[in-house]
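What TrEMBL says about this protein:
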BINDING   Cys117, Cys119, Cys127  Zn(2+) binding site
ACT_SITE  Lys192  active site, schiff-base intermediate with substrate
BINDING   Arg202, Arg214  5-aminolevulinate 1 binding site
BINDING   Glu230  Mg(2+) binding site
ACT_SITE  Lys245  active site, schiff-base intermediate with substrate
BINDING   Ser271, Tyr310  5-aminolevulinate 2 binding site
Amino acid sequence: MLTRARRLRLDERVRNMTRETRLSKDSLIYPIFVEEGKDIRTDIVTMPGQKRYSIDTMGEELEAVSKAGVKNIMFFGAPAHKDECGSGAYHDHGIIQEALRAAKKDFPQLYYIGDVCMCEYTSHGHCGILKGDTVDNDKTLPLLAKTAVSQVKAGADMVAPSDMMDGRVLAIREALDEAGCEDIPIMSYAAKYASAFYGPFREAAGSDNFKGNRKTYQMDYHNRREALKEVFLDLEEGADIIMVKPALSYLDIIREIRDHIDVPVAAYSVSGEYAMIKAAAMAGMVEEDAIVAETTTSIFRAGADMLITYFAKEVAQMIQSGRIG
Ligand code: PBG
């Protein structure tokens, strides 16, 4: 035998030396839910370990995140009032806008990404304004653009449209440029699938009012080529970063996109992925740390350059200790 694959596995130092996938804390993004009100630290029941904070308490979590070495935050808002046209999304004093102002002031070392969507702010829970029982694409675009500009004016360093309307990247790019924000990057949720894995997010973001599904705008999970179509459209419209969502059931999509484009690819390991790992670990069926280490590494191995994950603090610690990466 000339080749013995085990030679490179027999010593931990060699195994670490020859790892093909490297992880960095710099690539982690942590999502936080901010609710309108005071003194709020509400446990999100379907996402054990995650809480909804108000602006006056979110500093505790931003502090913990920062201490863990995670540098990037994605904000989601849970407003006190919702209406037909989701006006809380683009109000200059909306929950996200105020949260961004406060966070930028108290934790200027962190990088803030605003999720641009209307579903947390609409009374019907859809990601845009309705015409009959479906979302009116073109009427929604200016509102998304307005949302992005108001988030950036409030301090967002980057915006991430997650609504899946056609043409939103261009609409947002033009509005940002017009407002003098031409240096703000857009991370597009380009390949976002209509997924049952978003279930716990509805509780987390206080959008359990939503009934139905998002199949008329989010992608059908049978499709792979269509993901590339969405990606190329968004790149033509000016997207700086492309996102795939969810992550774990879509590793093939991450790889496909990575192999076809040159811009950074992000993956979002969503609420249901987090919940499944937590539930299995709490039932004593799997070892949480080991599963988090393995699944997280697999997303980077598939080709993601960065990862949005509710496990960001734990993953940062694993990278710090040398367990992964
Ligand atoms: C808003 C949005 C959703 C998620 C991120 N942005 C919900 C949805 O599209 O239904 C889901 C995130 C998660 O499940 O962790 N459109």
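Going from the start of the chain as shown, residues are counted 1 onward.
Glycine is no exception: its Cβ is also placed from the backbone N, Cα and C atoms.
Whatever TrEMBL says is automated annotation, not expert-curated.
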At the Cα level, what's the spacing in Å between Lys245 (active site, schiff-base intermediate with substrate) and Cys117 (Zn(2+) binding site), rounded?
15
Ser271 (5-aminolevulinate 2 binding site) to Arg214 (5-aminolevulinate 1 binding site): how many Å between their Cα atoms?
16
Return only the integer: C-alpha distance in Å from Cys117 (Zn(2+) binding site) to the residue listed as 'Mg(2+) binding site'.
17
Of Cys117, Cys119, Cys127, Lys192, Ser271, recorded positions neighbouring ligand 1, Cβ under 6 A:
Cys117, Cys119, Cys127, Ser271
Here are the recorded positions: Lys192, Arg202, Arg214, Lys245. Which has the lowest count of other Cβ atoms within 10 Å?
Arg202
What subset of the binding-site residues Cys127, Arg202, Glu230 lies within 10 angstroms of Lys192 (active site, schiff-base intermediate with substrate) at the C-alpha level?
Glu230
Reported as an integer number of Å, what is the Cα distance between Cys127 (Zn(2+) binding site) and Arg214 (5-aminolevulinate 1 binding site)?
8
Other C-beta atoms that fall within 10 angstroms of the C-beta of Ser271 (5-aminolevulinate 2 binding site):
24
Can you tell which of the binding-site residues Cys119, Glu230, Tyr310 lies nearest to Arg214 (5-aminolevulinate 1 binding site) in space, using Cα positions?
Cys119
So among Arg202, Glu230, Tyr310, all listed as binding-site residues, which is physically nearest to Cys119 (Zn(2+) binding site)? Use the C-alpha atoms.
Arg202
Please work out the number of neighbouring Cβ atoms within 10 Å of the Cβ of Cys127 (Zn(2+) binding site), leaving out its own Cβ.
26
